[in-house]
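Okay, so here's the structure we're looking at.
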Amino acid sequence: MVKNFNYMFVANILSALCKFLILLVIVRLGTPEDVGRYNYALVITAPIFLFISLKIRSVIVTNDKYSPNEYISAILSLNIITLIFVAIFVYVLGNGDLTTILIVSLIKLFENIKEVPYGIYQKNESLKLLGISMGIYNILSLILFYIIYSFSHNLNMALLFLVISCIFSFAIIDRWYLSKYYNIKLHYNNNIAKFKEIFILTIPLAFSSALGSLNTGIPRIVLENLFGKYTLGIFSTIAYVLVIGGLFANSISQVFLPKLRKLYKDEKKIEFEKLTRKMVFIGIFIGMCSVILSLFLGEALLSLLFGKEYGENNIILIILSFGLLFILSGIFLGTTIIATGKYNVNYKISLILLFCILIFSFLLIPKYSLLGAALTITISQFVALISYYYFYKRIF
């Protein structure tokens, strides 16, 4: 388990770093408006494609009923249908960012497909393979994005090369690994009945994931509508600490998921609770480190990395660092709940979070702008953490 943790730790640090550097490239070589366009596209697409991802990696780890081809066929079909509806919807609305939204949707589509091989690696505790696949995808994405964007200053063209990176890593790396190590030949299986079963099984988790992303996006949408893409760009750049932290915590929690599932099935309550405490401690430790760093070095780091206008808003980073502390601990408690197979709990917590986000977004953001958005996220995540703890204590 220690080796697996090390592989995933390195892979997720690399993944988070590459995503951060892509944002940094846009900030340094582009404009706050470009940052706003990119983040607006993420805000629009993330809830939709997180829902349609069906949280398939976690389901593969905890469910033995379906084959890899049934999983990937369901994911592919649902994502293509969703992409078509997104294109029609955005076109009808006449959104000027249609192209950016569609390209980001394509990235999400292929990332969802990659979740199937990731789930297979994880189920078999072959996290070295998962780490290599993630590493190749993220490094290739960063290199191609930097080259294209630095020469063209065309955001959409650079994003297209992220799509190419994702297709390459799946078609060449993942398919080869699955064939070599598991004798799995992926192909499309047109079984509508199975699609329906998988979709119904995963709805609670998928709904929870989509709500989680929507909860993150609502303050950004309100901010953009009231203050414009420039302000959204400033906030989204600073708030990227939450994206990176959440990505890191979600990925690391996947290392513990098979072990937690086994302990729960074997009714080893003491070991189950001990591992849960260890995970929550990791979340608290990382969260406290982010708070301390933002307090003492936040302004200097923001100014150095992004520019003076970002450093002047260090208070936003400090407030969001407390939010990150709550998010990380909540993610690990949520993983513990998923390991029990009680998928319906997570969407209840997401609904509670949505209610809080909506209230505070409309109370605080119009009056306090960036500060209001940061407070909205942090207060709501604290409520979510309390909710996770309440449901966790009712597991056994």
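Sequential numbering from 1, following the chain as shown.
A Cβ is built for glycine as well, from the same backbone N, Cα and C atoms used for every other residue.
Marked as transmembrane segment by Swiss-Prot on the basis of sequence analysis: 7-27, 41-61, 74-94, 101-121, 129-149, 153-173, 198-218, 232-252, 279-299, 315-335, 351-371, 372-392.
Within its own chain, the transmembrane segment (198-218) is flanked in space by residues 43-44, 46-48, 50-56, 58-59, 63, 66, 70-71, 74, 78, 242-243, 338, 343-344, 346-347, 349-351, 353-354, 357-358, 361, 377, 380, which lie at least six positions past its ends and keep a Cβ under 8 Å from the stretch. Sequence-distant neighbours of the transmembrane segment (129-149) (same chain, 6+ residues past either end, Cβ-Cβ under 8 Å): 7-8, 10-12, 14-15, 18-19, 21-22, 25-26, 29-30, 114, 117-118, 121-122, 155, 157-159, 161-162, 164-166, 168-169, 173-174, 177, 181.
Taking residue pairs at least 6 apart in sequence, the transmembrane segment (315-335) and the transmembrane segment (7-27) share fewer than three C-beta contacts under 8 angstroms. Below 8 angstroms of C-beta separation, residues 22, 26, 29-30, 34, 37-38, 99-100, 103-104, 106-107, 110-111, 113-114, 117, 132-133, 136-137, 140-141, 144-145 of the same chain, each at least six residues beyond the ends of the transmembrane segment (153-173), sit close to that stretch.
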